[in-house]
Amino acid sequence: MHAVFRDPISGLTHLAGAVFAIVALCILAAQAAMYGGVWHMVSFMIFGATLLLMFASSTVYHLIHASEDVIQWLKRIDHMAIFLLIAGTYTPICLVPLHGSSGWWLFGVVWALALTGVILKLVWISAPRWFSTVIYVLMGWLVVFVYPLLDQIPADALKWITYGGLSYTIGAVVYTTKWPNPWPKWFGFHEIWHLFVIGGGFCHFWAIAFHLAKVPV
């Protein structure tokens, strides 16, 4: 299989994630159209698009054989898409339940950090694994530092958002420590990390599509 795909299991898991993201995007659009308004539709589509971008870029990066220069650029795009997904996930939270000055402030901070991360990956793709992972995790849990805002998020939505954050965080620990690494050639720490990413994406999709769609703005 390695003769066909550069990193088969990692790539195929996120190919499944990309298919899920396409379905999720359709459901998000339907939920926003049925129950929400303009802010729901715009923010849900931003989340869905960044979710699809993250899975699609990861799929291409891990599956194709190419020159080292091409692989390095695909790696940059793959890593940049993670920053965009974090900001994309915050977008419905900021523009629906937190709609107002606090929500817009958090929205601006998160997207500024995401764009800074994109630039960082353009110029320093060789940054240490732990450094990038710490930035991802801190960005993901940024809302905890403005905890009074959490009361404005519906309890069921907050529950699923927390589940997603925990899934991403556990995966990040696996990715950084490279443990567990049961079968390195086929299913090691990197593939386990990818499964936790899918889990995190699903939890956040569920929170947004089914618990934020009916929140009035």
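Cβ atoms here come from the backbone N, Cα and C positions, even for glycine.
According to TrEMBL, the feature transmembrane segment maps to 12-35 (among others).
The annotation transmembrane segment is assigned in TrEMBL to 41-64 (among others). Non-local neighbours of the transmembrane segment (41-64) in the same chain are 5-8, 10-12, 14-15, 17-18, 20-22, 24-25, 28-29, 31-33, 71, 74-75, 77-78, 81-82, 84-85, 87-89, 91-92, 94-96, 194, 201, 204-205, 208-209, 213; each lies 6+ residues outside the stretch with a CB under 8 Å from one of its CB atoms.
Here the Cβ of H194 (Zn(2+) binding site) has 25 other Cβ atoms within 10 Å, regardless of which shown protein chain they belong to. According to DSSP, H194 (Zn(2+) binding site) is assigned to a helical segment. Residues or ranges marked as Zn(2+) binding site in TrEMBL: H62, H190, H194.
Counting same-chain residues at least six beyond the ends of the transmembrane segment (76-98), those with a Cβ under 8 angstroms from any Cβ of the stretch are 36, 39-40, 42-44, 46-47, 49-51, 53-54, 57-58, 61, 104, 106-107, 110-111, 113-115, 117-118, 121-122, 125, 132, 136, 139-140, 142-143, 149, 152-154, 157, 161, 164, 201, 204, 208, 212, 215, 217. Taken from TrEMBL, the feature transmembrane segment applies to 76-98 (among others).
For the transmembrane segment (104-123), same-chain residues at least 6 beyond its ends with a Cβ under 8 Å from one of its own Cβ atoms are 76, 79-80, 82-84, 86-87, 90-91, 94-95, 98, 132, 135, 139, 142-143, 146, 149. Annotation comment: TrEMBL describes 104-123 (among others) as transmembrane segment.
Away from its own ends, the transmembrane segment (130-150) comes close to residues 79, 82-83, 86-87, 90, 93, 98, 102-103, 106, 109-110, 113-114, 117, 121, 158, 165, 168-169, 172, 175-176 of its chain (Cβ-Cβ under 8 Å, at least six residues beyond either end). The feature transmembrane segment is assigned by TrEMBL to 130-150 (among others).
Tertiary neighbourhood of the transmembrane segment (192-213): same-chain residues 10, 13-14, 16-17, 20-21, 24, 27-28, 31-32, 34-36, 40, 44, 47, 51, 54-55, 58, 85, 89, 92-93, 96-97, 154, 156-161, 163-165, 167-168, 170-172, 174-175, 180, selected by CB-CB distance under 8 Å and a gap of 6+ residues from either end. Feature annotation from TrEMBL assigns transmembrane segment to 192-213 (among others).
The Cβ of H62 (Zn(2+) binding site) lies under 8 Å from the Cβ of F5, R6, D7, P8, S10, G11, H14, each of these being in the same chain and 6 or more residues away along the sequence. Within the same chain, the residues at least 6 positions away from H190 (Zn(2+) binding site) whose Cβ sits under 8 Å from its Cβ are D7, S10, Y175, listed in sequence order. Of the chain residues outside the Zn(2+) site list H62, H190, H194, D7, I9, S10, G11, T13, H14, S58, E191, W193 have their Cβ within 8 Å of the site's Cβ mean position.
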